[in-house]
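**Q** The structure follows.
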Amino acid sequence: MGADLSLPRSHTHCFNPSTGTTPLRSKSKHNSFILYPFTKSLHIHIPQSANFSMDQALKSSGVEEMETHKRNSMSLIFDPHKIDHQLLQKMEYDALVWSSLHGLLVGDTNSLRSGRVPGVGMIHAPFSLLPMPFPESHWKQACQIAPIFNELVDRVSLDGKFLQDSLSRMKNVDAFTSRLLEIHSKMLDANKIEEIRLGLHRSDYMLDEQTKLLLQIELNTISSSFPGLSSLVSELHRSLLHQYKQHLALNPERIPQNSAVTKFAEALSKAWSEYNNPRAVVMVVVQTEERNMYDQHWLFINPNNTYQVTSIRKTLAEIDALGELLPDGTLVVDGEAVAVVYFRAGYAPSDYPSESEWRARLLMEQSSAIKCPSIAYHLAGTKKIQQELAKPNVLERYLENKDDIVKLRKCFAGLWSLEDSNIVNDAIEKPGLYVMKPQREGGGNNIYGDDVRETLLRIEKEGSNENAAYILMQRIFPTLSPAILMRQGISQKDHVISELGVYAAYLRNKTKVIINEECGYLLRTKVSSSNEGGVVAGFGVIDSIYLV
């Protein structure tokens with residue numbers, strides 16, 4: 001899913017790498033790079049709310065964290081824009097060769113068959129040529145809270161009344177969420193219990209420049225993309241730093257190992273094993289045209305070789321046409337018993353063009369197959385539930401450990417319902433400080449800038465219940481950095497912002513937790529003038545972390 005938050009377009013060219021400071025020039029005989037200190041960016045007013053106070057946020061960060069930031073501020077950041085032109089061309093060429101040889105690929109939009117037939121119309125995935133500096137303390141923070149979010153999603157998923165009540169106002173204004181709630185309600189009425197629960201999640205964050213806080217953008221519980229390609233980009237960057245170590249004063253060991261693809265594959269395989277039918281398959285639910293198929297296929301190289309798991313790929317329409325439910329609850333699709341349903345589609349209204357797709361979703365939910373995610377896990381990842389969980393005393397309903405609660409609250413950005421008239425009025429007055437978010441995944445759905453004011457005023461004028469379809473979120477203003485973005489074999493120098501996503505896997509069979517762990521990361525980088533950050537959608541590129 002795409003990134004949500006960025007600097008406004010008017011801030012695109014504010015970055016001044018020197019800020020009056022003399023750059024430190026490399027002593028390399030090729031004199032091919034320059035290092036600059038961290039720089040300050042604009043200070044932006046952030047509104048206060050019942051669930052987010054800037055004073056509280058600053059206090060919660062603690063003296064130790066602020067001192068750490070001061071030390072980090074003296075660190076030196078590599079500026080790729082200063083690389084010698086000839087050296088840069090050689091690095092770009094080698095990076096493109098590496099991508100082709102190692103499967104860092106997506107389908108090419110210029111080929112009509114690229115999203116349907118493997119091996120036809122392939123092109124390298126968009127990537128950043130070099131890794132992005134990221135504070136090690138915040139990296140560790142994001143990794144440490146991943147298992148806590150896993151546990152939270154699982155417990156919220158079991159509270160059917162909370163999910164239904166929190167999302168009830170959307171039934172009349174959001175047809176897509178209403179259909180999901182309808183399926184969920186049928187499962188509650190049937191007392192359908194998911195004894196084996198599998199979650200492959202990704203929690204996305206941005207580092208706010210003003211407060212130095214790592215703030216959560218969203219928690220993805222369905223179709224957490226790029227575990228395969230993100231692992232490859234980390235390897236690519238490590239390879240380039242080794243290859244060009246005489247020219248780049250960067251240590252390859254500062255790029256964290258990214259085990260997303262192997263850990264997700266292991267979680268799928270262990271879920272298959274828990275189902276306890278060696279003849280059953282893992283079914284990947286896919287879109288009709290899937291340019292990102294290679295990222296998905298990477299997950300099933302290890303299971304097929306190590307765990308002897310067979311996978312099949314079916315669209316929702318195919319599942320409706322070929323699927324059946326046996327009396328014992330077994331899901332059979334095209335003659336194959338299904339142990340695990342892994343959704344890489346089904347998260348957007350466009351995935352349900354007819355009633356056929358909705359029948360398939362209900363069929364899978366009614367079955368004994370392990371759903372990743374179940375309908376309850378899917379709803380637990382909606383924006384409205386994210387906003388509800390940020391309210392005072394709500395986390396305490398699901399988590400007992402007070403330290404865990406503090407850790408989660410520390411990364412909560414400001415989140416508000418549109419029923420809060422004070423916040424709505426503030427957003428109309430200062431729309432640049434907010435983002436309007438609907439209950440959608442996949443990027444390209446959020447409302448920014450003056451469009452926030454216009455949308456809020458229109459909803460007020462019409463007096464409709466449309467406000468139930470959105471939440472308001474504090475807009476995060478991260479630091480800008482120089483980068484070189486590679487797309488379709490062409491490089492682009494620009495100033496960018498990045499969004500960190502930390503993968504996590506959760507597998508539970510009744511009372512036994514089998515897996516609950518952080519599983520690697522995705523760093524998406526985009527030009528600062530772009531509001532959205534979806535990689536396949538054309539907004540961002542895949543990047544990796546360089547710990548500072």
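Keep in mind that glycine also has a Cβ here, set from the backbone N, Cα and C atoms.
Those TrEMBL annotations? Automatic predictions, nothing curated.
Here's the feature list from TrEMBL:
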| type | residues | note |
| --- | --- | --- |
| REGION | 1-26 | region 'Disordered' |
| COMPBIAS | 13-25 | compositional bias 'Polar residues' |
| BINDING | ARG202, GLN296, ARG524 | substrate binding site |
| BINDING | GLU218, LYS383, 437-446, TYR448, 473-476, GLU499, LYS526, GLU532 | ATP binding site |
| BINDING | GLU218, ASN220, GLU441 | Mg(2+) binding site |
| DOMAIN | 280-380 | domain 'Glutathione synthase substrate-binding' |
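Show me how these features fit into the shown structure, please.
**A** Counting every protein chain shown, the Cβ of ASN220 (Mg(2+) binding site) has 21 other Cβ atoms within 10 Å.
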**Q** With every protein chain in view, how many other Cβ atoms are within 10 Å of the Cβ of ARG202 (substrate binding site)?
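**A** Neighbour count, Cβ to Cβ under the 10 Å cut-off: 28.
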**Q** Sort out for me which one of TYR448, ARG524 has the most neighbouring CB atoms within 10 A, since those are the binding-site residues we care about.
**A** ARG524
**Q** Over the domain 'Glutathione synthase substrate-binding' (280-380), work out the mean pLDDT and round it to an integer.
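**A** The answer is 94, the mean pLDDT of the model over that range.
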**Q** How many neighbouring Cβ atoms, not counting its own, are there within 10 Å of the Cβ of LYS526 (ATP binding site)?
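**A** The answer is 27.
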**Q** Please list the DSSP helix, strand and coil residue counts for the domain 'Glutathione synthase substrate-binding' (280-380).
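**A** Split by secondary structure, the domain 'Glutathione synthase substrate-binding' (280-380) comes out as 41 helix, 26 strand, 34 coil.
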**Q** Starting from ARG202 (substrate binding site), work out which of the binding-site residues listed here (GLU218, PRO438, LYS526) have their Cα within 10 Å, and give them in sequence order.
**A** GLU218
**Q** CB neighbours of PRO438 (ATP binding site) within 10 A?
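**A** Result for PRO438 (ATP binding site): 18 other Cβ atoms within 10 Å.
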